[in-house]
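Peer 1: This is the feature table in Swiss-Prot:
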type: DISULFID; residues: Cys131-Cys134; note: disulfide bond
type: ACT_SITE; residues: Cys131; note: active site, proton donor
type: ACT_SITE; residues: Cys134; note: active site, cysteine sulfenic acid (-SOH) intermediate
Amino acid sequence: MSLETLKTLIPDYAKDIRLNIGSLANETILSEQQKYGCYLASAHAVGEAQTLRAIEAEARGKLSVEALNAAKAASAIMGMNNVYYRATHLVSNTTYTTMPARLRMNVIGNPGVEKVDFELWSLAVSAINGCGMCLDAHEAELRKHGVTSEQIQAAIRIGAVVNAAARVLAAEAALAAEPA
């Protein structure tokens, strides 16, 4: 599978999503590694089988083994951090925001790829998972490293489109499995 295959699976009612998959893949504002790492981290975050298989296959042709693993690691660690930090931010008792997380997250300090790339991937996943506190933290870190607003937006857009594609395909699969 590939992004082209993924696009063919998207029904006509979601044509905008199908077109966005292709247009984002053709954008040059992010490096190839940044772009396909965002796609892969986002696909792992949403976990829908067809989306994940298509994007994983595409990414294998574009990313080094180290970058593949780092994109997956970004999704994994954000799966934990986004829930934890979103919860501490949302709970009314502010005590939790002052407590140490006491969760292992060493991959953030040593992801095996450029820090900026890992931060972009973490940002895309944080957008999918809806953690405002994490989005603010990753955006601030990216800005410190000279990443532009347009590049940050591109990562978020990739996350949004991958999420939408996965939701469409999951809904279609659920309907297809319904007994007649």
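Cβ coordinates are placed from backbone N, Cα and C, and glycine is handled just like the others.
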Peer 1: So what sits near Cys134 (disulfide bond) in its own chain, CB-to-CB under 8 Å and at least six residues off in sequence?
Peer 2: Met78, Asn81, Asn82, Tyr85, Arg86, Ser122, Ser126
Peer 1: When DSSP states are folded down to helix, strand and coil, where does Cys134 (disulfide bond) land?
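Peer 2: Going by the DSSP assignment, Cys134 (disulfide bond) falls within a helical segment, counted as helix.
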Peer 1: Hey, what's the Cβ neighbour count for Cys131 (disulfide bond) at 10 Å?
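Peer 2: Step by step: centre on the Cβ of Cys131 (disulfide bond), count other Cβ atoms within 10 Å, giving 23.
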